[in-house]
Amino acid sequence: MESNLSGLVPAAGLVPALPPAVTLGLTAAYTTLYALLFFSVYAQLWLVLLYGHKRLSYQTVFLALCLLWAALRTTLFSFYFRDTSRANRLGPLPFWLLYCCPVCLQFFTLTLMNLYFAQVVFKAKAKRRPEMSRGLLAVRGAFVGASLLFLLVNVLCAVLSRRRRAQPWALLLVRVLVSDSLFVICALSLAACLCLVAREGRPQRPRVAPLTPDPYPLQQFLLCP
């Protein structure tokens, strides 16, 4: 027996969850916030160039990811002012860019933060144990592999869903299992790195030798000039 929700609930009886005025207000608010974030990050990138800072660094890559994320979100929400139906009927590439690419950029930002704090931890430990510097290459390779896996799963799921090559529930299950698992693992590793950085940066109390009573205090006092 085939279940059909449209038979249970007529299309004429379906109403929007929010009034149009509220939807328009939220759309304008989100678009404004994303646009402000875009111009703020854009100004920071120009300041990096103006003051002669290193062009390729963790800071500039982080700002570039934020800039691209804000630009894609601003573009997506600007569709909802007039072309809502068009935004729901995009091709595979525009659909992936506007809906899936921002999620990938968020994961890339998370892995970038992991790489930065992992480098801080390994460099601090390499001062006492030089062999720890070799583990940093393995950590970098692991995070690069996780980023490529996340990107591959999201691209395949987006293309297959737009071309109707697989069941939507199967694609959703695969995407949720892989993406959410990688997000949780990277979040836990970032928390561990932050704890290690806080532990390494904690000032250690200097060891003070125990005070022993002087057996000849009076003689030293008399012999002093």
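For all residues, glycine too, the Cβ spot is worked out from N, Cα and C.
TrEMBL annotations:
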TRANSMEM  27-49  transmembrane segment
TRANSMEM  61-81  transmembrane segment
TRANSMEM  93-117  transmembrane segment
TRANSMEM  137-161  transmembrane segment
TRANSMEM  181-198  transmembrane segment
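For the transmembrane segment (181-198), the residues of the chain that approach it from at least six positions outside its boundaries are 107, 110-111, 113-114, 117-118, 120-121, 124, 143, 146, 149-150, judged by C-beta separation under 8 angstroms.
Within the chain, the transmembrane segment (93-117) has long-range Cβ neighbours (under 8 A, six or more residues past its boundaries) at 58, 61-62, 65-66, 68-69, 72-73, 75-76, 79, 87, 139-140, 143-144, 146-147, 150-151, 154-155, 157-159, 162, 179, 182-183, 186-187, 189-190, 193-194, 197.
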